[in-house]
Amino acid sequence: MVSIAGYPFYIVYSIFRRIFGKSAPAITLESADVKYPLRLVDREDISHDTRRFRFALPSPEHILGLPIGQHIYLSARIDGNLVVRPYTPVSSDDDKGFVDLVVKVYFRGVHPKFPDGGKMSQYLDALRVGETIDFRGPSGLLTYSGKGTFQIRPDKKSSPASKSVKQLGMIAGGTGRTGLISAL
C-alpha cells in the first residue's frame, strides 16, 4: 500500500527533476594523457593570415572541459614527424558541442628567418572540413579559480599552491591574447 501511495509522488519528483534539474555536461578532455580526435566542422578567414577553426566535440551536449588558465595541445604527423603545438581556445568552456581556435598562419617563404613557416599552422590551414586532428589536455601550471584566486604548480608533478591577488597585470599581443581574455 505504501508503494502505491508513494508512486504519484515519485512521478511528480521525476518530472520536476527532468525539467528543473541540471546534470553536469559531458566533458571531452577527461584525461590529459589521452588524444581526442576532433573533426573540423567550419573555418572562417578572419584576415589574410588568420583563421577561426571550429571543431565538433563528441556530442552536442559535450563541453571541452578546459579550466581557465589551461591550454590544449594539437598533434599531427607532418612530413613523417610528430608535430605538437599548444593552443588556447577562444570559445567559452560553457559552449556545448564545439570548440573554436583562432590561429595565425605562418606561411612558407614569407619570413627569411623562418623559410618553412609554421608547420602546425600551415597544416591546420590545409585541413579540410570533415577531417580530424588530435586534441590533448588540459595542460598548464596555472588555473584561475575565480575571485582573484589562482592554483599554481611549480612543475607538473607538484601539488598546486593557492595564491590570491587583488590586482593582476597582463601583457599579450596578437592571437596570444586568447589565454588572457578568459581570465577577465
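Just so you know, glycine gets a Cβ as well, placed from its N, Cα and C.
The shown structure was predicted, so the numbers you read here are calculated from the model rather than taken from an experiment.
The FAD binding site annotation in TrEMBL covers ARG85, PRO86, TYR87, VAL102, LYS104, PHE107, LYS119, MET120, SER121, THR178. In sequence order, HIS71, ILE72, TYR73, LEU74, LEU101, VAL103 are the residues of the chain that are 6 or more apart from TYR87 (FAD binding site) and have a CB within less than 8 Å of its CB.
Taken from TrEMBL, the feature domain 'FAD-binding FR-type' applies to 33-145. Summarising model confidence by region, the domain 'FAD-binding FR-type' (33-145) averages a pLDDT of 96.
Summarising the environment of LYS119 (FAD binding site), the number of other Cβ atoms within 10 Å of its Cβ, over all protein chains shown, is 16. Long-range Cβ contacts of SER121 (FAD binding site) within its own chain (separation 6+, distance under 8 Å): VAL103, LYS104, VAL105, TYR106. For the domain 'FAD-binding FR-type' (33-145), the number of residues in each DSSP class (helix H, G, I; strand E, B; coil) is 8 helix, 57 strand, 48 coil. Long-range C-beta contacts of ARG85 (FAD binding site), restricted to its own chain and to partners at least six residues apart, with a cutoff below 8 Å, comprise TYR73, LEU74, SER75, MET120. For LYS104 (FAD binding site), the count of additional Cβ atoms within 10 Å of its Cβ stands at 14 [all protein chains shown].
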